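Features as listed in TrEMBL:
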- 30-49: region 'Disordered' (REGION)
- 32-42: compositional bias 'Acidic residues' (COMPBIAS)
- 108-160: domain 'Phorbol-ester/DAG-type' (DOMAIN)
- 179-237: domain 'Phorbol-ester/DAG-type' (DOMAIN)
- 299-423: domain 'DAGKc' (DOMAIN)
- 449-608: domain 'Diacylglycerol kinase accessory' (DOMAIN)
- 777-874: region 'Disordered' (REGION)
Amino acid sequence: MPLNMHYYARKLRLSRGKPKSPVPRIVVTMATDEDHDDDDAEEAGREEADSRFYGIARMPRSFKKAISRSYLRGQDHAHHGPNQHHLKHGGERQLKTAVDWTDNALNGEHIWTDTKESGDFCYVGEQDCLKSGPRKKCLGCKILVHVGCMHVLEKINFRCRPTFREPGTKSSRETFVRHHWVHRRRQEGKCKQCGKPFHQKFSFHSKEIVAISCSWCKAAYHNKVSCFMMQHIEEQCTLGAHAGVIVPPSWIMKVPKNRMSIKSSLKKKKRPSIKRKSLKESKSKAFMIKPVASPFIKPLLVFVNPKSGGNQGAKIMQKFIWYLNPRQVFDLSQGGPREALEMYRKVANLRILACGGDGTAGWILSTLDSLGMNPPPPVAVLPLGTGNDLARTLNWGGGYTDEPISKILSHVEDGPVVQLDRWNLQVSPNRQVPADEAEEGGDKLPLDVMNNYFSMGADAHVALEFHESREANPEKFNSRFRNKMFYAGAGGRELMKGSSKDLAKYVHLVCDDIDMTAKVQELKLHCLLFLNIPRYCSGTVPWGNPSSSQHPELEPQRHDDGYLEVLGFTPATMATLQVGGHGERLCQCREARITTYKTIPMQVDGEPCRLAPATVHVTLRNQANVVLKSKRRTPTALSADATGPGLASERLRIQVSKVSMVDYEALHYDKDKLKEASIPVGIIVVAGDCDLEQCRGHIERLQEDNPARATLTLSVSTQKLSPKWCFLDSTNADRFFRIDRTQENLHYVTDISSKELFVLDPELVITKDVCTSPAMPDLVEQHPKGHSSAGTPQGKAFVFPVTPPGSPMSSRRNDRVQSHPPAQMDRSSPPVCSVRSEPASPVFSGSPNTTRRQPRPVTIHSPGASSPNASEKDARLLEACRDGEISMLVEMLRSGADLATTDPQGMTPLHHAVRYGHKDLVEYILKHGPPSLLEVSDYEKGQTPLHKAASYQRRSICCMLVAAGAKVTCRDSNGNTPRLLSLKANDRDLADYLKGQEQYLLATTEENQETAV
């Protein structure tokens, strides 16, 4: 592993008595030592290869040897040479794409995946990179290498972090983990030593190594001696913030090839044949787990169903491999969960995370039953795809959005364990119905254990129709939106056709030895539902919340009380289910027996089938342990509770800002830029213990209480939030994350924000078009001190700077003043600019005696002017726009002046406000004026306000005009667009921004045309 250690190299050279001389930058290779300390030839060869690769002329051999021995001390690879990591026996290259569980597995082997990430460089370095072949990324250490550069990676012998220990080596006796240091050319966050960020401004494309980070604990340091010190190489790794759920590599032991079983177990007395069979099977296992019990460790097994949620499962799996030991993350498509659970069955305090749908969780729970693990480890559910009623019940939400994996791991580790009732479904054929009279159907249900619900009738008919259609044409059901549309259409057709209207005639229901058939027939139910959890059909609550006064016989619904809720649906109640309605409540029971006299569609936990006439006996099976996702407070809130009055008594004043979807997708990894791109909405005052669900109500009221909402239609900052907005978590060190709306009641407002609360509005498209675009130049304004907007004496005119200043100093250097007679004053050059003008605006400080610029006579052409008084008001309105006096502007508008008025040159008040750089006036006019002002052209040059803003390099004003809907492609009398005018003014940044807006407009137009076709 290469490290910058020039300080220590200098120290060793001086200690050997060498003369003092400038020491070049020394990079040391930290590769895994083979524990052949006496093999000088091999060490010398490796040193020569390292020196050739990194351009090191001379290096103290003892220093290199000490670094190498300190890295992964005790890693014994005597059986596998350093260049065999990616080779087959015949010499053909083989890249591992998954964790190897065979006896040929090598420690420190990379797990490669294809990548198209831009901005990252090949790990072997610019000098030796061949830039040939596709690029691969290691999931364990996150290095990126070209396929053609793999042989160079083998030369430096850089391995991935170790995931197990070899028997009979020094590492097998170590019970702690050493750091796995990796060079990073890009690193988020801040240095652990000095606390400073890694990337400086304008260093995005730097190829220098900026950081050294550990792929276990994720600690990162600057690549310099003052931050990364020698003792960091030898120190023990703590495994980071999630050490409590990570399985240390010292727990996982590779079984020697010549001894696949434990000898001591063979000396014990004979066991039954079943036990002997399992013992024989264990001989073929290449790995075994030797845990160290600790009450503070809750090891986690992650099972991922890659087929759930489209490609979401595969991406989730890659993230967990990075945060955890790759040997505790398993792909369910590669044989299921049984082998992994058998391997880890003796680990104390084990927890399981099922990433997939409710079916994935049921699969794991059934496997735990079959293995007889006692006590059974609790299971958490990370929902992927649609439905996910069990995950909703346990507060994990209806689907994974982009919540940080770190927070998910914390919730799994800290979540309380609750019980979930599981029910047996025993099916026996109904002999009373002759086989030749019944329609074709199966003789058993798809599942014999129910976790969520069991139903028959209309809902099962819709699910069965979807299931059969997907099996016949799988290519038509690869979109979640299409699937939902199919369900909606099939459900509507089912309600119209009423194919299950005679269900009550062919069903006999007995609950706890009480016959409920008469009630079913009386209600004419189209669907019969046996509910174990509150949620059903993608989050609906069919049982509702019956009041104890009206229904004293009904207990509150729970998933751990040993009772089933039995209810039914008519077409009317089924139609209202999605809008908060509930079904017809029949009873709560511990046992149910359903006898059918006809082939009826049924479903168990979403798995549909057609069941021939039969009797289904529902009884309680057992209770499984599951992890409930609970509300968590931040450390700040906890300390406040411990040291002072309760958090509930504290009132928080929080600024709410909104972000567009385009900005979020482009900038969510750059928190500072995304904060700059956000648009203020207002300030809310909430209690310290307010959750996001309550906070949503405050924000909605903030939108409704704005009295200027009806008139401020042009301003993005006052645009009302769409119904689809959601909260953003801004407390993560790396990026922003969305909060699922169904989980808002699980988060306090202090969990996701500190001083400012951010919300994401996916329908706020206008923001992307303007100042929040990543291509927009920096609009932070810095104004020279001492400049005044009081006025300019007559006889003075200004010459604009050739290049726009990037700082106040450059602005002062470029400000030049020339004297002209009053009669020869160039009207195209604005004589004054207010203090709020752009950095590129010329600013002139008038003489002390000059307090106000003398008004000039203006001839008014106003469409609404019908009297001399009206013309005078319009003239004063234009004068206010030139002088930047917003109070006069407001006064004239109240007295009846018209914002659509023009002067003899055809320029509107908006032209003048833009030309003279008065941003506050521009914003006011855009809020209160008609949109047609943006398209008015003057008589002299045919220029719109956007042309004027581009000519005078008014960057922020350009941003505001585009936000209000100004056309970036319009041309003046000379055929110039605003972008061309900004180029003529030598403002390259503004020109790039306007070019981006033109391309975006063109792409949007083409997309709309395609959609119309």
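Any Cβ shown, glycine's included, is placed from N, Cα and C.
In TrEMBL, annotation is done automatically, which means it is predicted and not curated.
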Top stretch among 108-160, 179-237, 449-608 for CB pairs under 8 A with the domain 'DAGKc' (299-423)? 449-608
Could you tell me how many residues in the domain 'Phorbol-ester/DAG-type' (179-237) are helical, how many are strand and how many are coil under DSSP? 4 helix, 15 strand, 40 coil
I'd like the per-state residue tally for the domain 'DAGKc' (299-423) from DSSP, helix first, then strand, then coil. 50 helix, 26 strand, 49 coil
Taking only the residues in the domain 'DAGKc' (299-423), give me the average pLDDT of this model. 91
Kindly report the helix/strand/coil residue split of the domain 'Phorbol-ester/DAG-type' (108-160) according to DSSP, in that order. 9 helix, 10 strand, 34 coil
